[in-house]
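S.K.: The structure's right below; bear with me while I get my questions together.
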């Protein structure tokens, strides 16, 4: 084998086919075998992001995949991140740093520049690791996106790597998805596809076998395995909000999250989804905010626009009513900014330049600035002095007298966020609060839950990554997979 590592790419017939999950599974499976493996996604479009060890920003799916590889997240793992901030545009992040915002047409022309960043990152990873496990984006068969593609076959052709194609049988039409995708590829791209993985199968595999035999005969390519449907697997969603709940018994704390048009980092709420004593509700447009113990205003990629949407839906009045009845209110990142008195965007970073009135629940004002704050932090919650870890991803600078009552004191001595005088309203810039067991328990007690069961979310995520690797061992053709990775079979 050459000094450079081997590259294997997972592409999907559709969005949500299981690419992120399969890459996570393969990464941990190889890591357990002692293989130096690293995840890579050339281009990601998502509002869920993570802060890296080198002080940049990547998609959260790649951060989970890094954990599967037993590595710290690094910006080379996701060199191009697109964070939508309007219906037709997105903030472009290259090597972890925001470069500019573009509409779709401008970005299409920019792809040649983006590809240089992609190939530079891949080259560094291939030089440092034995296997680079790559995740594609969406589908390689999107005809309108084929020109200058950097996310799927355009990348695979550029680095000359084999491809596995995964499809979700649970949504139906799996054979049409697989065969149709192949038909829409060029001859050279079709040759790169070395096998199929069918995901989320329920039932008797013997009943599926005739279809698998037909697929192999029709395409001349092997089925590398069929992964079962796993209903209780809980890893961060790349983009869509995961509303599944763990089994709940006994008294539960009611937590409501208003879903704003540009909600970001909604993975903040995954620990609450899984907590056996929390009933978590995401409330969308056209719905009234139900009665709750705690309302959480989430992060936002376009805070002033989302604040306007919140008012249009009448949720501002519902929040004030909630507080009058003794409920608790928490704002995270953009949610903190909404809690203040004014929000200023003089540079037009999130849309038209200007200022907006906040909800006026904390004596704060925020000004958006070009330099984004990206940090992994540790500190203590003002409630119960509970230790916590989290991360900052924001462009706002917040000032005001409410900061004299911080929500968090960080280990570097900085104060973060604020609390109201009556203690019913709290805001923080820190994402990931609920992942820290002690901080999560303290927040739930603050919101009214008397006897809190401690849940170790980090341990749950690690357990599920291990389960995924077990599924690879049991259900996939590991010999063929090792060959594709250039690894010995023994």
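Each Cβ is built from the backbone N, Cα and C atoms, and glycine gets one as well.
Got these off Swiss-Prot a minute ago, pasting:
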DOMAIN    252-439  domain 'GATase cobBQ-type'
ACT_SITE  333  active site, nucleophile
ACT_SITE  431  active site
S.K.: Give the number of CB atoms, excluding that of residue 431 (active site) itself, located within 10 Å of its CB.
M.R.: 25
S.K.: For the domain 'GATase cobBQ-type' (252-439), what's the mean pLDDT in this predicted model?
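M.R.: Mean pLDDT across the domain 'GATase cobBQ-type' (252-439) comes out at 96.
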S.K.: List every residue in the same chain as the residue listed as 'active site, nucleophile', at least 6 positions away in sequence, whose Cβ is under 8 Å from its Cβ.
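M.R.: 264, 265, 298, 299, 300, 392, 393, 394, 428, 429, 430, 431 - these are the non-local Cβ neighbours of the residue listed as 'active site, nucleophile', listed in sequence order.
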